[in-house]
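Reviewing the structure listed below.
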Amino acid sequence: MGRSPCCEQDADVKKGPWTPEEDKLLVEYIGKNGHGSWRRLPKLAGLNRCGKSCRLRWTNYLRPDIKRGGFSDDEERLIIHLHATLGNKWSSIATKLKGRTDNEIKNYWNTHLRKKLLSQGIDPVTHRPRTDLLAGLPNLLAAANLGGAAHQLPLDLNAIKLQADAAKFQILQGLLRVLASTTAPPPTAAVLPGTDLMTSILGATLAANSAG
């Protein structure tokens, strides 16, 4: 037997913003009885609302354990870690962050964390270094041997900044910072690793990414 149609399809059910009076009825009823069946709750609580609307209102706004305010650094790291494993399963991710709602986490991901990863050279879908940035590294490494002419290259720090495993990319990141700096003096052979060494490191990095 299929599920009965959602009561949102009932023209008599109230839609739109909740009033303080409705919030009070919902909070008082759940405080005394628990929510039980969301489909039955509206009638029992004296609300002319759909059960789904009551559930979302309670879960996202009214339940007492909701955590308010900005996300901490630990929460950001946990969200990124969980997203790498679970993808866009926001409800599952929310179960690991006490007091945070799935909708709140989803919005924070789309408005902050996704952009943060992109700016750091990380693909927010695969959580791996962006291949579009890696593809341009051989030319940058070759340019390093130009010595004084390297400072003339039109480089954008934000476009080439690469962050990944520090153990693998530390030298590459250092080189990119030198090449991208517009205030530092022109790099010289004395301060830059040799092209052969850098190309070898780059090759190993690309091979590791391809194997992964």
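Yeah, the Cβs are placed from backbone N, Cα and C, and that goes for glycine too.
As written in TrEMBL, here are the features:
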{"type": "DOMAIN", "residues": "10-62", "note": "domain 'Myb-like'"}
{"type": "DOMAIN", "residues": "10-62", "note": "domain 'HTH myb-type'"}
{"type": "DOMAIN", "residues": "63-117", "note": "domain 'HTH myb-type'"}
{"type": "DOMAIN", "residues": "63-113", "note": "domain 'Myb-like'"}
So how many of the residues in the domain 'Myb-like' (63-113) end up helix, strand or coil by DSSP?
31 helix, 0 strand, 20 coil
Take every residue in the domain 'HTH myb-type' (63-117), average their pLDDT values, and give the whole-number result.
93
